[in-house]
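What Swiss-Prot records for this protein:
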type: ACT_SITE; residues: Cys128; note: active site, nucleophile
type: BINDING; residues: Cys55, Cys58, Cys104, Cys107; note: Zn(2+) binding site
type: DOMAIN; residues: 16-139; note: domain 'MsrB'
Amino acid sequence: MSHDSDDKTYPYQKDDAELRRRLTPMQYEVTQHAATERAFTGEYTDTEDAGIYKCVVCSTPLFESGAKFHSGCGWPSYFKPLNGEVIDEKIDHMHGMVRVEVRCNHCGAHLGHVFEDGPRDKTGLRYCINSAALNFESRPEKE
């Protein structure tokens, strides 16, 4: 469900001073001010290890490695979140475009955007996510 306003209250309330201490400048700008890291520079763009991608702000599990695919766009791409409850979608009118912004549904951190040009044999969606908004927890591959 997309929200048009920025008035949603998230369960995890962030302390700005603590976030500035804990996050890198890029992580802070991406998650708190909807900045975008440069294409092909993110830590997880080409990661293929098995595991879970979590919100860098509140550690909510967001995406599984099994949903990750190489889109060629320069940012980590996933065809679905871990489940329908972990992300919040908001209409974004910035930069003269209309897009759907993706946020962590627990803390409201900006993650990236979702587009309808993902793998047609999956969901048809491409969650284009900034590496700076994520932490990766590796897990052994299932046999």
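Using the three backbone atoms N, Cα and C, a Cβ is placed for every residue, glycine included.
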> Relative to the Cβ of Cys104 (Zn(2+) binding site), which residues of the same chain, six or more apart in sequence, are found under 8 Å away?
Replying inline: Tyr10, Cys55, Val57, Cys58, Thr60, Leu62, Val86, Ile87, Asp88, Leu111, Ala133
> Within the chain of the residue listed as 'active site, nucleophile', which residues six or more apart in sequence place their C-beta under 8 angstroms from its C-beta?
Replying inline: Ser71, Cys73, Trp75, Pro76, Ser77, Gly112, His113, Val114, Phe115
>> For the binding-site residues listed here (Cys55, Cys58, Cys107), tell me which residue's CB has the most neighbouring CB atoms inside 10 Å.
In response: Cys55
>> For the Zn(2+) site (Cys55, Cys58, Cys104, Cys107), what does the 8 A shell look like? I mean other same-chain residues with CB within 8 A of the CB centroid.
In response: Tyr10, Tyr12, Thr31, Val56, Val57, Ser59, Thr60, Asn105, His106, Gly108, Ala109
> When DSSP states are folded down to helix, strand and coil, where does Cys128 (active site, nucleophile) land?
Replying inline: strand
> Residue counts in helix (H, G, I), strand (E, B) and coil for the domain 'MsrB' (16-139), per DSSP?
Replying inline: 25 helix, 40 strand, 59 coil
>> As a test of reading the model: what is the averaged pLDDT for the domain 'MsrB' (16-139)?
In response: 94
